[in-house]
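Everything on this sheet refers to the single structure shown next.
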Amino acid sequence: MPKLELLPAVDVRDGQAVRLVHGESGSETSYGSPLEAALAWQSAGAEWLHLVDLDAAFGTGDNRDVISEVTGAMDIKVELSGGIRDDASLEAALATGCRRVNLGTAALESPEWVAKVIAEHGDKIAVGLDVRGTTLRGRGWTRDGGDLYETLARLDAEGCARYVVTDIAKDGTLQGPNLGLLRDVCAVTDRPVVASGGVSSLDDLRAISLLVPEGVEGAIVGKALYAKAFTLEEALKAVAV
Ligand SMILES: O=C(O)c1ccccc1N[C@@H]1O[C@H](COP(=O)(O)O)[C@@H](O)[C@H]1O
């Protein structure tokens, strides 16, 4: 059985590494330099970095210079999210050298464009399914964007390679992942799923690991690492098989 991939998160707002609660603008706790955070996760043994431009996701500007600096400094694979909604932003994101990008709002509002870029770029494109209940949310998680399962069926048919599934109610709360949601998504798609939101302990990571046979490929870890609930080294050991 393959081991669960861990993706430590660096979310960038106004040039700083931050964590939000429920993805709400204004709920930021700042953790300093994004580059220092990313280098720390790399040194600790991460194979992936989940890097988010929160200003681009919220429509409050962007952190392109910081994102390029961080991505350029990484020897590990980078998954890049936030504000990738058209040809120009997609080209800029891919030009950073990231391994793949996550599309959020665009998958809800620009389905034809998303189908086109999935066809062009294959597994360099993942879709972030950010949900409250089973309703997708876009534009910095401020607007409803349709039904999770209808959208998933459409994206599957278009050949989407992978989904990053975030339970917004759990994100940044250290309350544990929504294992039921992950199971439900895995039951309706054969594409790999990256779990996001709520990880608070090594036991949470072990519980997500048990879903690898059902299709969960990875887990994003944010607040728990910054709050020092455990170290990344401990997390990698906990999911090693
Ligand atoms: O990661 C967050 O905490 C977050 C909070 C609020 C909005 C977006 C967030 N992150 C990721 O950004 C992309 C969505 O950006 P866009 O809609 O494509 O511009 C998605 O991967 C979210 O998970």
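Easy rule for this one: first residue shown is 1, then count along the chain.
Each Cβ is built from the backbone N, Cα and C atoms, and glycine gets one as well.
According to TrEMBL, the features are:
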type	residues	note
ACT_SITE	Asp11	active site, proton acceptor
ACT_SITE	Asp130	active site, proton donor
Item to complete: Specify the count of other C-beta atoms within 10 Å of the C-beta of Asp130 (active site, proton donor).
Response: 29
Fill in: Cβ-Cβ distance under 8 Å to Asp11 (active site, proton acceptor), same chain, at least six residues away
Ala17, Val18, Arg19, Leu20, Leu51, Val52, Leu54, Gly222
